[in-house]
Amino acid sequence: MENRWQVMIVWQVDRMRIRTWNSLVKHHMYISGKAKGWIYKHHYESTNPRVSSEVQIPLGDARLVITTYWGLHTGERDWHLGQGVSMEWRTRRYSTQVDPDLADQLIHLYYFDCFSESAIRNAILGHIVSPRCEYQAGHSKVGSLQYLALTALIKPKKIKPPLPSVKKLTEDRWNKPQKTKGHRGSHTMNGH
């Protein structure tokens, strides 16, 4: 029988970012209580020897699974140390990979207090609303003018330690798109 390969998108991540992510997740699961219901699995609880940790985040009937890996093939540079992370959205019989922005948005739909756009209408109607958003990483677009005005009045409160953001976990120098040099900076185009 031949080998069957499964291709996954794995974001290359610095080892220290993975340690920080795991620490933040465990802090908010066990100490602050903001990540209630999240499941943290250690490397020894996985059958895959490449998995270093797994965080399962319940999202209604589905769940978001953030898996960190070690011992992967290194990248082009010396600092690509073979560490990585993948994000997967799973429901009963279906799963798909998601990017860090979408992962943060999915987390924010179910967790952490937020001052959302619907709060503007509620504030106008005289209802009590949450004054700030705890999880800024869950917002990817610029809000309406009213939303921006209200957020300018009420500064976001810094939470120590910060809430775990998947986007922040994958944010690194080798995951950013490469900037190409202009005509002046390219040696091959100048003939030098």
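Any Cβ shown, glycine's included, is placed from N, Cα and C.
Values in this document were obtained by computation on a predicted structure and should not be read as measured data.
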Name the residue range among 4-13, 144-153 that Swiss-Prot annotates as motif 'BC-box-like motif'.
144-153
Using Swiss-Prot as the reference, determine which range in 25-29, 30-34, 40-44, 135-139 is annotated region 'Interaction with host APOBEC3G'.
40-44
If I go by Swiss-Prot, the feature region 'Interaction with host APOBEC3F' sits on one of 14-17, 130-133. Which?
14-17
Across the modified residues (Thr96, Ser165), the Cβ with the fewest other Cβ atoms inside 10 Å is that of Thr96
Helix, strand or coil: which one is Thr96 (phosphothreonine) in, per DSSP?
strand
Measure from the CA atom of Ser165 (phosphoserine) to the CA atom of Thr96 (phosphothreonine) and give the result in Å, rounded to a whole number.
19
Collapsed DSSP category at Ser165 (phosphoserine)
coil
